[in-house]
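Asks: Pasting the feature list from Swiss-Prot:
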type: ACT_SITE; residues: ASP145; note: active site, charge relay system
type: ACT_SITE; residues: HIS200; note: active site, charge relay system
type: ACT_SITE; residues: SER499; note: active site, charge relay system
type: DOMAIN; residues: 34-112; note: domain 'Inhibitor I9'
type: DOMAIN; residues: 117-560; note: domain 'Peptidase S8'
type: DOMAIN; residues: 356-415; note: domain 'PA'
type: CARBOHYD; residues: ASN176; note: N-linked glycosylation site
type: CARBOHYD; residues: ASN215; note: N-linked glycosylation site
type: CARBOHYD; residues: ASN223; note: N-linked glycosylation site
type: CARBOHYD; residues: ASN420; note: N-linked glycosylation site
type: CARBOHYD; residues: ASN536; note: N-linked glycosylation site
type: CARBOHYD; residues: ASN583; note: N-linked glycosylation site
type: CARBOHYD; residues: ASN627; note: N-linked glycosylation site
type: CARBOHYD; residues: ASN637; note: N-linked glycosylation site
type: SIGNAL; residues: 1-24; note: signal peptide
Amino acid sequence: MARRADSFCLISCVLVSFVISVSAVTDDSQDKQVYVVYMGSLPSSRLEYTPMSHHMSILQEVTGESSVEGRLVRSYKRSFNGFAARLTESERERVAEMEGVVSVFPDINYKLQTTASWDFLGLKEGKNTKRNLAIESDTIIGFIDSGIWPESESFSDKGFGPPPKKWKGVCSAGKNFTCNNKLIGARDYTNEGTRDIEGHGTHTASTAAGNAVKNTSFYGIGNGTARGGVPASRIAAYKACSEMGCTTESVLSAFDDAIADGVDLISISLGANLVRTYETDPIAIGAFHAMVKGILTVQSAGNGGPNPGSVMSVAPWILTVAASNTNRGFVTKVVLGNGKTFVGKSLNAFDLKGKNYPLYGGSTDGPLLRGKILVSEDKVSSEIVVANINENYHDYAYVSILPSSALSKDDFDSVISYVNSTKSPHGTVLKSEAIFNQAAPKVAGFSSRGPNTIAVDILKPDVTAPGVEILAAFSPLNSPAQDKRDNRHVKYSVLSGTSMSCPHVAGVAAYIKTFHPEWSPSMIQSAIMTTAWPMNATGTAVASTEFAYGAGHVDPIAAINPGLVYEIGKSDHIAFLCGLNYNATSLKLIAGEAVTCTGKTLPRNLNYPSMSAKLPKSESSFIVTFNRTVTNVGTPNSTYKSKIVLNHGSNLKVEVSPSVLSMKSVKEKQSFTVTVSGSNIDPKLPSSANLIWSDGTHNVRSPIVVYTYSVSD
């Protein structure tokens, strides 16, 4: 998701907040609207099964109509089974009761969440970074987003050979759109063509896998080389999002095609305002079937922070990414006539050349504004003012259509005091500049927080990555301020949001896959989580704990050699869903095979790289256990010893049994149990610790979080 100026919803890896907008088609008798009918996996034997014919027959049976072509919107038939159709409420109810149907849910509208960042992560350009270019060139990342700008230099195929032989996709992108050996595939589900109008999809794709392009900047600000984490990788663009958002049926269509086309990873920077259960969340559905085919899905956490429980990506088979800043930030200085200087946040490309203008702190209406710098509590974009100084301070720089700077409350009050106490107050707003941010990384305020409200014992988000003030390729069809009054057009622009952090982690996942092409999605996810930089709970609120950053900040270099990994297969996820009380009939359809939910599998015992448990508030003392199994991907004859590090303020007692793991061979698996006990947990904060398995070379770290807090508290 990215953040835009003014009403710009945070764009997060597509995550401007998920606004629900159901489109209805009026019939003479009842209103019809688009519903998605999810039917699980495709039959294992498809010789006599034609998905579309089955879907049409269901519609004929339910509607009583012989011709239902006008009812069918999409048929999902390549990677999983289902369809989207226009139904009345009573027809929806009848479909939901039919054998072979897992769920029926409305087609809601998802929206997008929107150079130095890779250097900050340690994945530097040049010979000092280890790369496997042959496999990197065979790695394909699919982006489900707003399309792509194919002419961008970031997607040039100079030096690229033909697409990998495994590629089964097409370039079905519309008129005047050409794919190449870098951008090897494009599909459109919006009827607009795959060309990116918003700029969001172009930005995310270039962040993960764009070519290295020298001397890029935003009007001279932040000059450097723009590049992706895996610039030799191939890109496939799936346009599921238009200016109006991203429909459920389009998102599922994109997953259906991307999986069958042969992508290796999926990056999706989209999200919703309301969390959805797994069987009604199109991203969770698509990502599950991708996981079964060996494809990891990376999704933005959302831009609903710092509110607790705002994380919308909550499935354990998805790698969920929060957003943090880097050591490069953009600031805009305000210089007053009395010589005082204040440092604010914005991305101001306008140069007033130090000229002073009258400051005006009155009404925002009328001719008194003309030719002045307006000092107001909120951002304005009036065309008659020279510039704007406001109190709308955020921890990210926004692009405006006129010179502006957002100050902290104290600094803004100082400016107001100067305006009110001076006969002829004047000042100026300088052009933005890049500064070194020594305090980085810090989770952005807009980044969505846990706890997970669907599976309370699964910690989300998983990790954090750069998502603040990211410079990357952009669509010249949109303005950098994303405002129709802004007549500027740029090839590279700066966006903030979890939409920007998501492709960073997609790039990291692709980087790992170039060294370990045989690794499963869960192994890659585990490597990223257990090697992440530890972050500290810097505040006294839930929003400043592991619910903000998960396992920590991604470290690409460490992640290619994690030592141990936590593996999770399809059967483990099915057992997890059994533990959440999904019935065996629905799970059989989802899994495409017989399922028996025997006993009660505790969701917290899913072999996840982090450990989390929500405790009953009624219990003053507690004991919880976590069962885990690790696989050795390091060296043979290695011995790992466990170490527990309690976080500040935690009074937990943590025991690990066995406390030593002796791995004789690579791929060997060993199990252990973590027992956590304590009493009187703070009802407003989690208590946490870290389990570290170390063999002297590798440090395999897992956060342990116990809490009683509820979002409704």
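Our numbering is plain: 1 for the first residue shown, then up by one each step along the chain.
A Cβ is built for glycine as well, from the same backbone N, Cα and C atoms used for every other residue.
Keep in mind it's a predicted model, so treat the numbers as computed, not measured.
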Asks: Please report the Cα separation of ASP145 (active site, charge relay system) and HIS200 (active site, charge relay system) in Å, rounded to an integer.
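Replies: Just about 7 Å between their Cα atoms.
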Asks: Using a 10 Å radius around its CB, how many other CB atoms surround ASN637 (N-linked glycosylation site)?
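Replies: The Cβ of ASN637 (N-linked glycosylation site) has 10 Cβ neighbours within 10 Å.
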Asks: Return the count of C-beta atoms lying within 10 angstroms of the C-beta of ASP145 (active site, charge relay system), excluding that atom itself.
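Replies: Other Cβ atoms found within 10 Å: 32.
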Asks: Counting across all protein chains present, how many other Cβ atoms fall within 10 Å of the Cβ of ASN627 (N-linked glycosylation site)?
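Replies: Around the Cβ of ASN627 (N-linked glycosylation site), 14 other Cβ atoms lie within 10 Å.
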Asks: Whose Cβ, among the recorded positions ASN215, ASN420, SER499, has more other Cβ atoms within 10 Å than any of the rest?
Replies: SER499
Asks: What recorded positions among ASN176, HIS200, ASN215, ASN420, SER499, ASN583 are found with a C-alpha within 10 angstroms of that of ASN223 (N-linked glycosylation site)?
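Replies: Correct set: ASN215.
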Asks: Please identify, among the recorded positions HIS200, ASN215, ASN420, ASN627, ASN637, the one with the smallest Cα-Cα distance to SER499 (active site, charge relay system).
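Replies: Of the recorded positions HIS200, ASN215, ASN420, ASN627, ASN637, HIS200 has its Cα closest to that of SER499 (active site, charge relay system).
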Asks: Measuring Cα to Cα, how far is ASN583 (N-linked glycosylation site) from ASN176 (N-linked glycosylation site) in Å?
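Replies: That comes out at 49 Å between the alpha carbons.
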Asks: Tell me the Cα distance separating ASN637 (N-linked glycosylation site) from ASN627 (N-linked glycosylation site), rounded to the nearest angstrom.
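Replies: If we compare the Cα positions of ASN627 (N-linked glycosylation site) and ASN637 (N-linked glycosylation site), the gap is 24 Å.
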Asks: I'm trying to understand the geometry here, so how far is the Cα atom of ASN420 (N-linked glycosylation site) from the Cα atom of ASN637 (N-linked glycosylation site), in Å to the nearest whole number?
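Replies: Rounded to a whole number, the Cα-Cα distance is 74 Å.
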Asks: Let me spell it out: for each of the glycosylation sites (ASN176, ASN223, ASN583), count the other Cβ atoms within 10 Å of that residue's Cβ, using every protein chain shown. Which one has the most?
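Replies: For the glycosylation sites ASN176, ASN223, ASN583, the Cβ with the most other Cβ atoms within 10 Å is ASN223.
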Asks: Rounded to a whole angstrom, what is the C-alpha distance between HIS200 (active site, charge relay system) and ASN637 (N-linked glycosylation site)?
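Replies: Distance between the two Cα atoms comes out at 48 Å.
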Asks: Reduce the DSSP letter at HIS200 (active site, charge relay system) to three states and note it down.
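Replies: DSSP call for HIS200 (active site, charge relay system): helix.
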Asks: Quick one: mean pLDDT on the domain 'Inhibitor I9' (34-112)?
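Replies: On average, pLDDT over the domain 'Inhibitor I9' (34-112) sits at 92.
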Asks: I'm trying to understand the geometry here, so how far is the Cα atom of ASN637 (N-linked glycosylation site) from the Cα atom of ASN215 (N-linked glycosylation site), in Å to the nearest whole number?
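Replies: That comes out at 49 Å between the alpha carbons.
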Asks: Hey, does DSSP put ASN176 (N-linked glycosylation site) in a helix, a strand, or just coil?
Replies: coil
